[in-house]
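The block underneath contains the structure these notes are about, expressed in structure tokens.
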Amino acid sequence: MNPVISITLLLSVLQMSRGQRVISLTACLVNQNLRLDCRHENNTNLPIQHEFSLTREKKKHVLSGTLGVPEHTYRSRVNLFSDRFIKVLTLANFTTKDEGDYMCELRVSGQNPTSSNKTINVIRDKLVKCGGISLLVQNTSWLLLLLLSLSFLQATDFISL
């Protein structure tokens with residue numbers, strides 16, 4: 001086999017295997033709603049399929065996604081926001097009946113399909129409230145956050161530059 005073709009194939013496989021790795025899955029409460037943030041890599045041009053599910057009492061319930069069929073009971077309560085590096089699921093009116101293991105799964109199809117997932121155990125009484133500062137930290141680059149912090153500290157005469 002031609003070495004150039006071998007290297008190209010190897011790079012394609014490596015890109016696909018890294019293209020959708022789930023980095024983190026976090027949960028918090030916004031009013032009475034559960035918010036799940038599924039952060040992931042995206043180093044592929046292929047479509048990334050996704051699925052959010054809940055496992056409760058050893059039974060899997062698909063909430064949203066393109067891999068499985070979402071259960072009818074959750075369709076009216078679920079809202080999904082999808083961007084290049086994050087998928088955010090909001091489950092309205094979260095109660096103790098919705099507690100369990102939540103999973104975010106991503107899959108890239110193609111010649112060598114790959115998948116990646118993360119699971120988080122969600123208990124209502126242990127959930128933190130989603131806050132403005134945590135949103136800023138999650139959605140702003142660290143450099144910008146550092147610059148904003150330095151400006152604030154300088155304005156309050158906490159530091160002098």
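Any Cβ shown, glycine's included, is placed from N, Cα and C.
The signal peptide annotation in Swiss-Prot covers 1-19 and rests on experimental evidence.
Take the CB of Gln20 (pyrrolidone carboxylic acid) and look out to 10 A: across all protein chains shown you find 23 other CB atoms. The feature pyrrolidone carboxylic acid is assigned by Swiss-Prot to Gln20.
According to Swiss-Prot, the domain 'Ig-like V-type' annotation covers 20-126.
Cys28 (disulfide bond) has a Cβ environment of 17 other Cβ atoms inside 10 Å. Cys28 (disulfide bond) carries a strand DSSP state (E or B). Residues or ranges marked as disulfide bond by Swiss-Prot: Cys28-Cys130 (among others).
Marked as disulfide bond by Swiss-Prot on the basis of experimental evidence: Cys38-Cys104 (among others). A strand conformation is recorded for Cys38 (disulfide bond) in the three-state DSSP classification.
Annotation comment: Swiss-Prot describes Asn42 (among others) as N-linked glycosylation site.
The Cβ of Asn42 (N-linked glycosylation site) has 16 other Cβ atoms within 10 Å, all protein chains considered. Among the features that Swiss-Prot reports, N-linked glycosylation site is placed at Asn42 (among others), with the record citing a large-scale study or a structure entry.
Under the heading N-linked glycosylation site, Swiss-Prot lists Asn42 (among others), citing experimental evidence as support.
The phosphoserine annotation in Swiss-Prot covers Ser82 and is backed by a large-scale study or a structure entry. Within 10 Å of the C-beta of Ser82 (phosphoserine) there are 13 other C-beta atoms, taking all protein chains into account.
Among the features that Swiss-Prot reports, N-linked glycosylation site is placed at Asn93 (among others). Using a 10 Å Cβ-Cβ cutoff, Asn93 (N-linked glycosylation site) registers 11 neighbours. In this structure, Asn93 (N-linked glycosylation site) belongs to neither helix nor strand by DSSP; it is coil.
Annotation comment: Swiss-Prot describes Asn93 (among others) as N-linked glycosylation site, evidence class a large-scale study or a structure entry.
Under the DSSP three-state reduction, Asn117 (N-linked glycosylation site) is assigned to strand. Around Asn117 (N-linked glycosylation site), the same-chain residues six or more apart in sequence whose CB sits under 8 Å from its CB are Val22, Met103, Cys104, Glu105, Leu106, listed in sequence order. Residues annotated as N-linked glycosylation site in Swiss-Prot, with experimental evidence given as evidence: Asn117 (among others).
Among the features that Swiss-Prot reports, N-linked glycosylation site is placed at Asn117 (among others), with the record citing experimental evidence.
According to DSSP, Cys130 (disulfide bond) is assigned to coil rather than to any helix or strand. In sequence order, Cys28, Leu29, Val30, Arg35 make up the list of same-chain residues 6 or more apart from Cys130 (disulfide bond) whose Cβ falls under 8 Å from its Cβ. Annotation comment: Swiss-Prot describes Cys130 as GPI-anchor amidated cysteine, evidence class experimental evidence.
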Subject >> Three-class DSSP secondary structure - Gln20 (pyrrolidone carboxylic acid) >> reply: coil
Subject >> Under 8 Å by Cβ from Cys38 (disulfide bond), counting only residues of that chain that are 6 or more apart >> reply: Val22, Ser24, Leu25, His50, Phe52, Ile86, Lys87, Val88, Leu89, Cys104, Leu106, Lys118
Original post:
Taking Cα-Cα distance, which of the recorded positions Gln20, Ser82, Asn93 are within 10 Å of Asn42 (N-linked glycosylation site)?
Top reply: Gln20
Subject >> Mean of pLDDT values spanning the domain 'Ig-like V-type' (20-126) >> reply: 92
Original post:
How many other Cβ atoms sit within 10 Å of the Cβ of Cys104 (disulfide bond)?
Top reply: 25
**OP:** Do me a favour and check the Cα-Cα span between Ser82 (phosphoserine) and Gln20 (pyrrolidone carboxylic acid); whole Å is fine.
**Re:** 13
